[in-house]
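Below is one structure; the comments refer to it alone.
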Amino acid sequence: MSLGITGKIYRVSGPLVIAENMRGSKVYEVVEVGSDRLIGEIIGVEGDKAIIQVYEDTSGLRVGDPVYGTGYPLAAELGPGLVGSIYDGIQRPLPLLQELVGFFVKRGVKAKPLPRNKKWHFKPLVKQGEKVGPDDVIGYVEETPVIKHYIMIPPDTHGVVEEIVGEGEYTIVDPIARINGKEIVMLQKWPVRKPRPYREKLEHREPVLTGQRVIDFFFPLAKGGKAAIPGGFGTGKTVTLQQLTKWSAVDIAIYVGCGERGNEMADALHSFRRLVDPRTGKALVERSVFIANTSNMPVAARETSIFLGATIGEYFRDMGYHVLMVADSTSRWAEAMREISGRLEELPGEEGYPAYLGSRLASFYERSGYVKTLGRPDRTGSLTIMGAVSPPGADFSEPVTQATLRIVRALYALDVNLAYRRHYPAINWLISYSLYVDNVTDWWHKNIDPSWRELREKALAILQKEAELEELVRLVGAEALPEEDKLLLEVARMIREDFLQQNAFHEIDTYCPPRKAVLMMKAIMLFYELGLEAIKRGISMEKIRELKSRVKIARMKEIPNIDFEDAFKSLFEDIRRDFESLMKEAETIAEL
């Protein structure tokens with residue numbers, strides 16, 4: 001619909017509005033509904049009628065109220081000022097809305113996503129007369145002490161630089177260059193549903209180091225990868241996702257709270273301001289973007305919050321940064337889709353979800369990737385996407401979980417039984433998987449330890465064997481097992497409790513460097529190998545359980561993350577010494 005054409009409301013059904021006299025309107029065009037000019041988006045066109053999903057509360061709308069066309073799609077504002085911001089689902093800055101209308105957002109309130117009056121120190125990197133193309137870097141702004149915000153040519157622009165400003169202070173709407181007669185400003189707009197272009201997709205080679213042992217060591221996630229964290233109520237999805245956002249070794253972290261509790265979002269914001277990034281020594285908020293679309297906000301805006309996060313992530317990816325986007329939770333978005341679909345009277349699919357659930361989820365997850373960007377200088381960037389799924393009753397066979405599993409390449413399945421046992425993170429090592437292991441093996445072997453893959457497979461085999469022995473233990477009891485199996489159960493317990501369990505609220509254990517994780521597993525495996533040797537020499541499991549080094553292994557996660565190599569050397573020596581003295585004692589008794 002071209003700018004200026006006005007339609008009328010024909011029908012209102014919750015967040016869904018049907019307007020008439022809308023001939024010429026386009027799908028996914030933004031409209032303003034009613035006298036309060038509520039933001040909406042056309043999701044379907046039929047004759048002269050347009051089907052609109054409204055991103056604000058529709059209470060009080062009447063048949064015959066005006067609908068104003070804007071002529072453009074829903075677009076994200078991209079430029080300096082994004083980092084550290086808190087937005088709602090349609091990119092309204094929440095701190096500014098609080099100043100304007102208080103704690104409760106009123107209908108029809110509008111605010112610019114990026115400040116127009118703030119001046120940024122711009123440094124040009126191109127000269128007059130140079131040829132430039134899409135996504136070429138023409139300068140940069142020091143947005144935070146951690147993030148250098150590169151100013152890029154819009155993807156639809158190319159030509160010769162006719163004019164470029166000198167170094168100085170400029171707002172995001174001040175012209176900084178002119179290319180073929182077109183003025184370039186620091187602010188860009190990009191439709192949220194349209195993926196940003198890139199030169200080529202590259203193979204995943206590097207892992208996203210999260211500081212969580214169960215993920216980094218057992219089920220690694222590659223940069224540019226896509227993963228899902230499904231889990232029932234109370235299994236720790238939100239805390240796990242917040243941990244990943246806090247400690248992941250990425251340049252930018254985007255946290256999208258999509259239909260979850262407001263208190264959880266508030267908790268995340270408080271902790272991000274307080275915590276320090278171990279890589280840079282600066283506050284975590286200086287590399288983060290927050291999008292809060294809590295459960296009491298309009299359901300239709302859940303979809304835009306997800307796509308807004310992906311668009312901002314792609315923008316920073318195009319600068320050559322590694323970005324992690326976390327969506328908590330995609331199930332709430334799927335529920336919003338189901339509600340809109342029901343009001344549209346579409347044929348329902350499984351459990352009432354629309355038939356296009358899978359393709360809509362794929363359109364989000366497929367925006368991830370490790371890419372070579374357009375433009376000069378040559379650079380690579382990545383967008384890694386991790387989505388929580390909240391299946392009712394922890395039933396992983398429900399449609400949203402199943403549709404997600406067909407798309408993602410890593411699954412971190414949260415287990416209700418583990419959570420009830422206070423085993424956190426409650427990631428079930430028997431169900432979870434990562435298809436990125438082969439991709440990141442070379443990186444682990446070159447940068448961390450050449451024995452990583454072997455250690456990982458040994459540990460997983462022990463945990464698998466423990467699960468097989470559990471049934472037998474229930475029938476005959478642990479004491480009836482052979483000594484080797486008793487040792488295996490003890491080592492499996494050590495892996496579970498001393499390695500996989502990680503305290504998100506412990507000063508040291510909240511984050512574990514990959515090298516420390518490898519040394520921890522080496523300590524457990526050394527205990528297992530020496531234990532097998534001791535059993536062959538006739539030493540009972542009772543004696544092995546009494547060794548002092550068992551207690552030291554249980555406390556190794558509390559070893560500080562700085563200069564831990566010496567502490568582990570000492571631990572390995574203690575384990576060897578304990579077993580040597582045990583074997584000597586056994587030999588002495590045998591001689592007598």
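Glycine is no exception: its Cβ is also placed from the backbone N, Cα and C atoms.
Spatially close to Thr235 (ATP binding site) yet at least six residues away along the chain are Ala394, Leu414, Asp415, Val416, Leu418, Ala419, Ala426, judged by Cβ distances under 8 angstroms. Summarising the annotation, Swiss-Prot assigns ATP binding site to Gly231, Gly232, Phe233, Gly234, Thr235, Gly236, Lys237, Thr238.
For Gly232 (ATP binding site), the Cβ neighbour count at a 10 Å cut-off comes to 18, with all displayed protein chains included. Surrounding the centroid of the Cβ atoms of Gly231, Gly232, Phe233, Gly234, Thr235, Gly236, Lys237, Thr238, where the record places ATP, the chain contributes additional residues within 8 Å, namely Ser390, Leu414, Val416, Ala419, Ala426. The sparsest Cβ neighbourhood within 10 Å, among the listed binding-site residues (Gly231, Gly234, Gly236), is found at Gly234. DSSP classifies Gly234 (ATP binding site) as coil under the three-state reduction.
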